[in-house]
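Engineer: Copying in the features that TrEMBL gives for the protein in this structure:
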ACT_SITE  HIS11  active site, tele-phosphohistidine intermediate
ACT_SITE  GLU89  active site, proton donor/acceptor
BINDING   ARG62, GLU89, ARG90, HIS91, TYR92, ARG116, ARG117, GLY189, ASN190  substrate binding site
SITE      HIS188  site 'Transition state stabilizer'
Amino acid sequence: MSKYKVFVMRHGEGAWTKENRFCSWVDQRLSEDGVKEALACGHLLKEAGYQLDVVFTSLLSRSIHTAWLLLEAMGQEWVPVVRTWRLNERHYGALIGLNRAEMALNHGEEQVKQWRRSYDLTPPPIDESHPYFLEIYNDRRYSTCDLSIEFLPKSESLKDVLERLQPYWDGTIVPEIKRGKLVLISGHGNSCRALLKHLEGISDADIVNVTLPTGTPILIELDENFRPTKPMQLLGDQKAIQAAIRKVEDQDQPGCQTPSIRNIKTMWEKGNIVGATECPKAMNKGSNKTKCQTQKKWRKCSEYHMYYYYYIYFLFQNLPLYQNN
């Protein structure tokens, strides 16, 4: 029998989520769709009659804004919001800022999937030469942490995320739930996955395949020992939720993405830029399909990008000429 309830949700879509980049500890705002997702989540919970007592977020704006918008939609703006770095997204180290689909072209889908979703694989650490190093570690918000800045992570596996999150769950969030408060955690893809792994007893191998859509509340019901009494419930329109999950899973796939200009030439020379009738995702499955598996219009995915690639490559080849004139 269920004694406690807690909501866990990944924040609404962020600006870099939309661009398919590793955002991690870089502070990005919600996209327009992310704002809509947060408001829709609040309306959903309000219609279901839930009354929150406390909301926990990370120190990152996209997590905090999701909580604010959700509470506004519920008419419960007065509910306390508690922020902690221990709910931050996983620190992706040197991968921060890179495009996932672009990396899949260069390193393979499976390698990118392991970097993103494996339990104990840690990406290369960020260092002072990284373009976002100072933006992160000079940020005043991290002076409020229970660790000094020099001891904050430079890269993390999902296992590391759980190790820094679990003490906060046990010492701060659980006592609130035991006092009878209805708690919502507005976290990130990996901080939520880490917590769900802990609560649901998901194995190290199976957690790789757990995908959470943005802006979707997950209801977890627990017994007196904080063990789940039933499978977690993703609330909302189930067809829309499955579509959102597929959208997240497709972020690791090559094709259907516009690479950054600096990598166009490398991709061209490796043969990773294809013609207008070749969909990389379909070809990877041994098919000659011309319709893209991710976007309804393959023409948008291929033809337009193909001409774009030709143009950019031309600029690369002739850049010295333009620089000399």
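Each residue's number is its place along the chain shown, starting with 1.
Using N, Cα and C of the backbone, Cβ positions are placed for all residues, glycine too.
Locate each feature and note its surroundings.
Structural biologist: Counting Cβ atoms from all protein chains shown, GLU89 (active site, proton donor/acceptor) has 25 others lying within 10 Å of its own Cβ.
Remark: ARG117 (substrate binding site) has LEU158, ILE207, VAL208, ASN209, VAL210 as non-local neighbours, by Cβ distance under 8 Å and separation of at least 6 in sequence.
A sphere of 10 angstroms centred on the C-beta of HIS188 (site 'Transition state stabilizer') encloses 28 other C-beta atoms.
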Engineer: Rounded to a whole number, what is the top Cα to Cα distance in Å among the residues the record ties to substrate, namely ARG62, GLU89, ARG90, HIS91, TYR92, ARG116, ARG117, GLY189, ASN190?
Structural biologist: 21
Engineer: Which site among HIS11, ARG62 has the most other CB atoms no more than 10 Å from its CB, taking these as recorded positions?
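Structural biologist: Max Cβ neighbours within 10 Å, all protein chains included: HIS11.
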Engineer: Let's check the environment of ARG90 (substrate binding site): how many other CB atoms sit within 10 Å of its CB?
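Structural biologist: Taking every protein chain into account, the count is 25.
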Engineer: If you measure from the CA of HIS11 (active site, tele-phosphohistidine intermediate) out to 10 Å, which recorded positions from the list ARG62, ARG90, TYR92, HIS188, ASN190 are inside that radius?
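Structural biologist: Checking each Cα against HIS11 (active site, tele-phosphohistidine intermediate), the hits are ARG62, HIS188.
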Engineer: State the Cα to Cα distance, in Å, between TYR92 (substrate binding site) and HIS188 (site 'Transition state stabilizer'), rounded to an integer.
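Structural biologist: Between the Cα atoms of TYR92 (substrate binding site) and HIS188 (site 'Transition state stabilizer'), the distance comes to 13 Å.
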